[in-house]
Amino acid sequence: MNSVRAANRRPRRVSRPRPVQQQQQQPPQQPPPQPPQQQPPQQQPPPPPQQQQQQQPPPPPPPPPPLPQERNNVGERDDDVPADMVAEESGPGAQNSPYQLRRKTLLPKRTACPTKNSMEGASTSTTENFGHRAKRARVSGKSQDLSAAPAEQYLQEKLPDEVVLKIFSYLLEQDLCRAACVCKRFSELANDPILWKRLYMEVFEYTRPMMHPEPGKFYQINPEEYEHPNPWKESFQQLYKGAHVKPGFAEHFYSNPARYKGRENMLYYDTIEDALGGVQEAHFDGLIFVHSGIYTDEWIYIESPITMIGAAPGKVADKVIIENTRDSTFVFMEGSEDAYVGYMTIRFNPDDKSAQHHNAHHCLEITVNCSPIIDHCIIRSTCTVGSAVCVSGQGACPTIKHCNISDCENVGLYITDHAQGIYEDNEISNNALAGIWVKNHGNPIIRRNHIHHGRDVGVFTFDHGMGYFESCNIHRNRIAGFEVKAYANPTVVRCEIHHGQTGGIYVHEKGRGQFIENKIYANNFAGVWITSNSDPTIRGNSIFNGNQGGVYIFGDGRGLIEGNDIYGNALAGIQIRTNSCPIVRHNKIHDGQHGGIYVHEKGQGVIEENEVYSNTLAGVWVTTGSTPVLRRNRIHSGKQVGVYFYDNGHGVLEDNDIYNHMYSGVQIRTGSNPKIRRNKIWGGQNGGILVYNSGLGCIEDNEIFDNAMAGVWIKTDSNPTLRRNKIHDGRDGGICIFNGGRGLLEENDIFRNAQAGVLISTNSHPILRKNRIFDGFAAGIEITNHATATLEGNQIFNNRFGGLFLASGVNVTMKDNKIMNNQDAIEKAVSRGQCLYKISSYTSYPMHDFYRCHTCNTTDRNAICVNCIKKCHQGHDVEFIRHDRFFCDCGAGTLSNPCTLAGEPTHDTDTLYDSAPPIESNTLQHN
């Protein structure tokens, strides 16, 4: 490529004389016989048909004359071409034609008056040769039918296509268009795409047609896929009137006016500066073609609506390079509202990469009140200050599309100071700083950009920067894919933000923004970070497969997290900490490798109407002084706990559906004191609610049912309050209190549970007040194993085994209780002499007097009911153990002698009943 250094000079004004007529080509050494001379029609009228037939026939046609050798000789004619050469061939001679080329079918002879010999005289204008049809004679009376001139007939009807095309290949575009006006055949041949492609590439160099259907719009096409039959000609017409910057060609062009006759609408210059001045002085449309080459240190300040486009074969932008080493390569100033620059490489390559004394540090600078179009450009900068593209100032509103802004040692695209603009389909990659900066009320529209592999953040909006980002692909940047800071407020819609080496979206220091319907995935840190009083809107996004969490809100962060699909992340789907208080609603948080929502370190927030399911750890964690409000969520199908309060976790859990967890629906431990009300908790494999290790809590108005173990567990010094709950249809007991558990149970309905409505054991001491315990399949209340209780105003009725059972050594405080209408199945079985094993089940054990038999060598772990002692062990050495809850080992068939009362054994368990202990969450092992 040529390297051109501009000279500061005015555009050269070169006179362009008309082309000089070339010398007529010499005829062959043995010219054919000359036809008889014809007189002009003005001097002699044409002979009648009878007289023409009497004339002497012409000699046989000679070979065709040689083709012209020079382009500017194509228009010349041979005065000595015989008329016989163009006579119609007939008879046997037609079969021995010297041409073995294809011919056009002869057209019907036209009726016309004879004209001046069309081959007579030489002229440089092809219009005179091919442009005139035969004139009709003006005669009085009836008109006569006369045949066309023989030469015209030969050219139009009999000359082979290949010969015509060869002749046409020497014509320039205007003469070719004139030839197309001669006849239908010439029109078809003159529009041959190969002819126009050759002309087109000679002028514009493009190897594919460059279409220019309207101002500011250029695009290349594949000719075979274009609907127009001749896209080369169509593009030629669209691009015809323009100036060309082609170093070294201008002198040749203006020195050969005859060779380029008809191209007066084309101007040629050696430098871009000359072309900019020339098109303005010549009042052209401002279309400038910059041909292949490297143009260095030109002063390109554009302040008019010019159009500048690269012109080169192959990949155009790679062949046309404009470079500056001192100041901004291109500067668009006020007045360049509709300017266009496209299909070229623009470089800023200063000698001192970090020099601070540069007046400007940009490849391309767009200033106030201008809206140019930058299209299909490659933009590079090696300067470590400034940016590759800078758009600044009120009214700066460019359109930058299909550009490649990459490998720059600074910011790729910088939009600031109220600038706007449309930026579409650009490739922005591998820049040392952010791919895009938006600052100080800049408000661009950025669509379908590919922003990747940056050595910093992908997009950085800060200091009140705004913008609308749509359908961008942002990935593999060293820091976050998208960063929002310091009151910036962008809108990001339907983008893909993924594979960030840190996070996906980072909003901090009072940043805002709307992030809507994006795909955020596979980032090394959180998909979305919100911190330090920031308040963005995160709506309708898919946030998945992150190497850490989904959404991470900390440091007084806020925000609306709504309608997102958050799944498959390595840590919690949403994490809220350190006084953060977001609104989290209508999200799906599922299939995480950790928990669903994790609120800790005094985190807050309103978490409502979410669906949290199928997570490996707890659906929701609340810990370390946090106080969120969880309302109307569906938390289900987890592999551990549904909602887990621990280490002083607080908050409100209300109106939620919590079901089908492998552990408990809710666990409360270690000083946690939540308010749990109006929830439905069912399907837990380890019970409904487990309160342990000094857990607290106010549990009110809940419905707790169909759990595999107890509806509510209270153990290990825990002291919750349960009011107005309905605890029913459990596959174990209603409420189990043991290991020093306490609590206030007030106004609850406890019914239809498989074991005791309330079981109190192992040094526990709860208060039961005004509860209704009924329709149980075992006892109403059982108190055993040195436990105590205060029972006030309870109603205990219609339970199968009985109302209240107290084991040996148990002392309770009772007041105003009503124990009535229970079925007393144990007493009835004893009175009928039945083995009490008959009324036991795998998990339901009757409370009565139990013994051991020394004769049968029973151990401390064996117990025998009173009827088996009387019948099966009559006369044996027996010992009373205590009045407590056992099943009969004699009836179960576990002793050496068979039971004579039980018959065939129907149970196979010898486990002592103390209600199988609940499984405590091991979530802490994963913190």
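Yeah, the Cβs are placed from backbone N, Cα and C, and that goes for glycine too.
Straight from Swiss-Prot, the features:
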- 17-27: compositional bias 'Low complexity' (COMPBIAS)
- 28-68: compositional bias 'Pro residues' (COMPBIAS)
- 114-129: compositional bias 'Polar residues' (COMPBIAS)
- 153-199: domain 'F-box' (DOMAIN)
- 1-132: region 'Disordered' (REGION)
- 395-417: repeat 'PbH1 1' (REPEAT)
- 487-509: repeat 'PbH1 5' (REPEAT)
- 510-532: repeat 'PbH1 6' (REPEAT)
- 579-601: repeat 'PbH1 9' (REPEAT)
- 602-624: repeat 'PbH1 10' (REPEAT)
- 648-670: repeat 'PbH1 12' (REPEAT)
- 671-693: repeat 'PbH1 13' (REPEAT)
- 694-716: repeat 'PbH1 14' (REPEAT)
- 717-739: repeat 'PbH1 15' (REPEAT)
- 740-762: repeat 'PbH1 16' (REPEAT)
- 786-808: repeat 'PbH1 18' (REPEAT)
- 809-830: repeat 'PbH1 19' (REPEAT)
- 833-904: zinc finger (ZN_FING)
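The stretch with the most CB contacts under 8 Å to the repeat 'PbH1 12' (648-670), chosen from 395-417, 510-532, 694-716, 717-739, is 694-716.
Taking Cβ pairs closer than 8 Å, the repeat 'PbH1 13' (671-693) reaches residues 622-623, 636, 642, 645-665, 699-718, 720, 727, 730, 732, 741, 743, 918-920 in its own chain, all 6 or more past its ends. This prediction places the mean pLDDT of the repeat 'PbH1 1' (395-417) at 97. Across the repeat 'PbH1 9' (579-601), the DSSP tally of helix, strand and coil residues reads 0 helix, 10 strand, 13 coil. Long-range neighbours of the repeat 'PbH1 1' (395-417) within the same chain, counting only residues 6 or more positions beyond its ends whose Cβ lies under 8 Å from a Cβ of the stretch, are 216, 317, 332, 353, 361, 366-389, 423-442, 444, 454, 465, 467. The stretch from 579-601, 602-624, 694-716 that makes the most Cβ contacts under 8 Å with the repeat 'PbH1 16' (740-762) is 694-716.
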